[in-house]
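A quick write-up on the structure given underneath.
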Amino acid sequence: MISWRAIAAATLLAAAPALVAGEIPSDARRSGYTFMGPDTRAMQDDDTANPGMLFVLDGEALWAKKTGSAEKACADCHGDARGSMKGVAARYPAFDKALARPVTLDQRINLCRANHQQASPLPYESRDLLALSAFVAHQSRGVAITAGDDPELKPFLAQGRDLFMQREGQLNLACTNCHDDNFDRRLAGAPITQAQPTGYPLYRLEWQTLGSLERRLRSCMSGVRAQAYDYGAPELVALELYLMSRARGLPMETPAVRP
Amino acid sequence: MASAPLHIAALIAAGLVLACGALACGARADELVPYKIIGDTIPQSLTDSPGDPARGRALVLARTTTCILCHSGPFPEVRFQGDLAPDLKGTGNWWSAGQLRLRLVDASRFNPKTIMPSYYRNDGLVRVGRNFADKPILSAAEIEDIVAFLATLRD
């Protein structure tokens, strides 16, 4: 048991970029799940109580539905998502050769719509886009996050890290001030987590709906009274990429539930 | 059940953003009142008159002022207080009004790495939200009210 864990840890360390000061070592990384109360955990754990599962079911229907002028369904190209999509979300955002930049899972879905289905893009935070990405990411539930491996991602990871460390907004706070230095403390009574992006898109009780990681990042930015980046902005993608690589090794939870 | 965290989770998303409600946004985009730092203090009132401790108390407790997101204090009526920063009880025992004033105006003068925001500053900040651009977090009068209140916190 001990040696198994040591090996797992050693492999992770070998694969991961060297830790930078202030970052959370891999064996201390904790999902937001571990900061929640028993009721919210129970809601996430029970598929019949987890409201995110309704979106996953919708996504499953959309997966098989022919759309766009190509009259093709996702399933026509990718077959059974249970096999073809397993582990995919765990390595997103991923480098897109044609665009020469990383794209998020949401952006990949819209690229498939444009290029293969000849369908219009689904708006960010629309029910259909959330449902499809929840369905795809759900196929990775339990799979360890590996995003950020591709050497071509290096400059984008560095940009994301810089943004994470950058103080901003009228309150002049950086992500790292709360999520590296003060997790486990309380902001007006609310536990501050490590900001591990393991469960997205996820159901937030405060939102009363499913939401993307970008939505969450934009709330934290508005929280410090900074101008939030627009959905899909390269800065948000870079931050997402950095967060996913910072969560390397943690299992995916989609659809998670958070307070 | 989840109602406590649920209620507060809104704070970072919405609470802070609503900051320009009735209480907290006295300041316009005007010039800041000039002030003089002597040692670790700003000895002179920013408004040339003493603040009102009762208004200061209300300000400190208002979530939009942001103090109790991080601090706790002798405020039994406030359910959710932060623990990112020292408890404010007894503040008046060890800090003079001049020290408190500088601490609120620009805490980074005491500790360049502090997470406590500078409440009376409008430059050197990055990507300030449209609604907050060029304004200090608090007005000079609000700073004075809070200083007056903190000075009464003795035990």
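Note: Cβ is positioned from N, Cα and C throughout, glycine not excepted.
Now, the feature entries from TrEMBL:
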{"type": "SIGNAL", "residues": "A:1-21", "note": "signal peptide"}
{"type": "DOMAIN", "residues": "A:46-247", "note": "domain 'Cytochrome c'"}
{"type": "BINDING", "residues": "A:Cys74, A:Cys77, A:His78, A:Cys112", "note": "heme c 1 binding site"}
{"type": "BINDING", "residues": "A:Cys175, A:Cys178, A:His179, A:Cys220", "note": "heme c 2 binding site"}
{"type": "BINDING", "residues": "A:Arg216", "note": "substrate binding site"}
{"type": "ACT_SITE", "residues": "A:Cys220", "note": "active site, cysteine persulfide intermediate"}
Practice task
Return the maximum Cα to Cα distance in Å (whole number) over the record's heme c 2-binding residues: A:Cys175, A:Cys178, A:His179, A:Cys220.
Solution key: 11
Handout entry: Those residues of the chain, 6+ apart, with a Cβ under 8 Å from that of A:Cys220 (heme c 2 binding site)
Key = A:Cys175, A:Cys178, A:Ala195
Handout entry: Sparsest-packed among the binding-site residues, when each Cβ's other Cβ atoms within 10 Å are tallied, from A:His78, A:His179, A:Arg216
Key = A:His78
Completion exercise
Students should find that the Cβ of A:Cys77 (heme c 1 binding site) has, within 10 Å, a number of other Cβ atoms equal to 11
Problem - For the binding-site residues A:Cys74, A:Cys112, A:Cys175, the one whose C-beta sees the most other C-beta atoms within 10 angstroms - result: A:Cys74
Completion exercise
Those binding-site residues in A:Cys74, A:His78, A:Cys112, A:Cys175 passing the chain B Cβ proximity test, under 8 Å, are none
Problem - Residues within 8 Å of the A:Cys175, A:Cys178, A:His179, A:Cys220 Cβ centre (excluding the heme c 2 site residues themselves) - result: A:Phe164, A:Leu173, A:Ala174, A:Thr176, A:Asn177, A:Ile192, A:Ala195
Problem - A:Cys178 (heme c 2 binding site): tally of other CB atoms within 10 A of its CB - result: 22
Problem - Cβ-centroid neighbours of heme c 1 site A:Cys74, A:Cys77, A:His78, A:Cys112, 8 Å, sequence order - result: A:Trp63, A:Lys72, A:Ala73, A:Ala75, A:Asp76, A:His116, A:Gln117
Exercise for the section: Give the three-state DSSP assignment (helix, strand or coil) for A:Cys77 (heme c 1 binding site). Expected result: helix
